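Q: Provided herewith is a single structure, encoded as structure tokens, for subsequent inquiry.
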Amino acid sequence: MAADPKILELSNGRITARIASWGATITSLFVPDAQGNVADVVLGFDDLDPYMKGMSPYFGCIVGRVANRIKNGKFTLNGFEYSLPVNNGPNSLHGGLKGFDKVVWDVVEHKDGQCPSITFQYHSSDGEEGYPGDVTIRATYSLPEATTLRLHMEATPENKATPISLAQHTYWNLAGHASGDILNHSIQIWGKHITPLDENTIPTGEIMPVHSTPFDFTTEHTIGERINDVPGGYDHNYVLDCGDKKNGLKHAAKLRDPSSLRTLDLWTDAPGMQFYTANYVNDISGKGGAVYNKHAGVCLETQGFPNAINQPNFPSVVVEPGEKYKHTMLFEFSA
């Protein structure tokens, strides 16, 4: 059995992350600006109580077994139909009622030194939240360079084929978590297409060009510039199809705060990225007495495509026993 959840620290003198074994959750991340002023750039809570009481809208956690939405909470695999808990309108979202964000992960390694790291592990049982087969998941957060955070996730099915698609659900505000909305942040997204949604926020199966739409961030725009042209705000999966590559990872996005000039470059090997502008955050009491409201942060969740298990033309998220799911994200900060 996993021990009681705790918050661990990862620091290299330039950036400091606090990461909880509850949900493998980033609760704080302190990053300098050009003048060396440090701010906590992620939304969250001061202690673990609100996370454990279900008050968090997925702040900072790893979500799974399957991130994002599965239509009607159903899928068929190898002739069996599986039913999952429905927790988001008619859909199953982020692994169900008790996804990987709502469990205690084991801390299997905590290293200091040149490249500090923390490795978490979780064993997901056959039938857990309706999913087939036993799966062992490992997530390693590390600080490989002065102002870089890396997350590497692996998952190994033991006895049955299963869909696996993990995502890191941090809400970013590069001006500091308590500084209001992110509508004046600018973003560039290296995706020329999105997967448009039906009335229940499930992809239709279409791959739609973003050119000449409010979804076109192939060149840098402020988030707020066209957000009112998108009913409800951005909550869409981008096809990461045009980024430069570096060490096997694609450039997914560049987020920039004009006040502090803090910049986040995100690199990944995932096929998609959910761009979500905290549309449903409302009057949440966060760290240090901050109150988070709509658009208080932005999520850049690299992932398999939503509902891919039911969409034959989307990249497959099925992992067979003997295979290994791998997913890496690199968060590079500069100012």
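Including glycine, each Cβ sits where the backbone N, Cα and C put it.
As annotated by TrEMBL, active site, proton donor applies to HIS169. The active site, proton acceptor feature in TrEMBL is assigned to GLU301. Residues or ranges marked as beta-D-galactose binding site by TrEMBL: ASN68, ARG69, HIS169, THR170, TYR171, ASP235.
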Q: Going along the chain, which residues six or more apart from ASN68 (beta-D-galactose binding site) have their CB under 8 A from its CB?
A: LEU93, HIS94, SER165, ALA167, ASN237, GLN274, GLU301, GLN303, PRO306, ASN307
Q: Roughly how many Å lie between the Cα atoms of ASP235 (beta-D-galactose binding site) and the residue listed as 'active site, proton donor', rounded to a whole value?
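A: With distance taken Cα to Cα, the residue listed as 'active site, proton donor' is 13 Å from ASP235 (beta-D-galactose binding site).
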Q: Return only the integer: C-alpha distance in Å from ARG69 (beta-D-galactose binding site) to the residue listed as 'active site, proton donor'.
A: 14
Q: Around the Cβ of HIS169 (active site, proton donor), how many other Cβ atoms lie within 10 Å? Please give the count over every shown protein chain.
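A: The answer is 25.
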Q: Can you count the other CB atoms that lie within 10 A of the CB of ARG69 (beta-D-galactose binding site)?
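A: Looking across every protein chain shown, the total is 24.
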Q: Say we define neighbours as other CB atoms within 10 Å of the CB. Which of the recorded positions THR170, TYR171, ASP235, GLU301 has the fewest?
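A: Selected from the recorded positions THR170, TYR171, ASP235, GLU301 on minimum Cβ neighbours within 10 Å: ASP235.
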